[in-house]
């Protein structure tokens, strides 16, 4: 095969056809959907883009000039950048070229079916995206609700724990107060009992001392009475003795006197009486 077969001039149309057959992506559809098809000035933007492409065709097709692929991309991307006012990322240029060229070809040839199908496809894609977005939102809402529920349960659990801790603290405080009161009451009772015992002991001691003093006084009194009685008896005895002695002496004196009289008057009688 001759090299001339491989050196066939690359026309714009063949390049477009090659790009159309090789490349496929939804990135350009999203771009068109967001910028061209559903924008407020769709017709103006499409017309500007068509004018740029027509200028490109006239410059190159008429001269049947060999064109490098990068030149086509650069021209189309420059036009697209001017229309959309965006910076395209690497890797998406060829996809953009493919979709825009298809769009241009069908618009230029008044292929309204393609345009309508494209719009319908974009609308379906938009609905699908909206549905996915809604599902994602629902999922996010569910996740948020789950998180809220978890947070609520967590707060509730913390609140329960706090309440339990407070209850335990209150119970401990009550128990401490109760024990303290019991100890105080016990101490008070012990002190009262101790005071009562002390008072009882004091009373017992006082009673004992009083009894002892009373006994001592009674004994002393008895002793004094006994002594008094003894002294009185002794005195009476002495008095009696003295009285007896005096009477005896008087009697003896009287007897002596009588005897003397008898002896003086009647000596014989005295003898007789004496015998008798």
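Heads up, the Cβ atoms here are built off N, Cα and C, so glycines get one too.
TrEMBL: automatically predicted annotations, no manual curation.
Straight from TrEMBL, the features:
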- 126-150: compositional bias 'Basic and acidic residues' (COMPBIAS)
- 151-161: compositional bias 'Basic residues' (COMPBIAS)
- 182-218: compositional bias 'Low complexity' (COMPBIAS)
- 219-233: compositional bias 'Basic residues' (COMPBIAS)
- 234-248: compositional bias 'Low complexity' (COMPBIAS)
- 251-267: compositional bias 'Acidic residues' (COMPBIAS)
- 126-161: region 'Disordered' (REGION)
- 182-276: region 'Disordered' (REGION)
Pull the DSSP breakdown for the compositional bias 'Low complexity' (182-218) and write it out as helix, strand, coil residue counts.
37 helix, 0 strand, 0 coil
DSSP-assigned states of the compositional bias 'Basic residues' (151-161) in counts, ordered helix, strand, coil:
11 helix, 0 strand, 0 coil
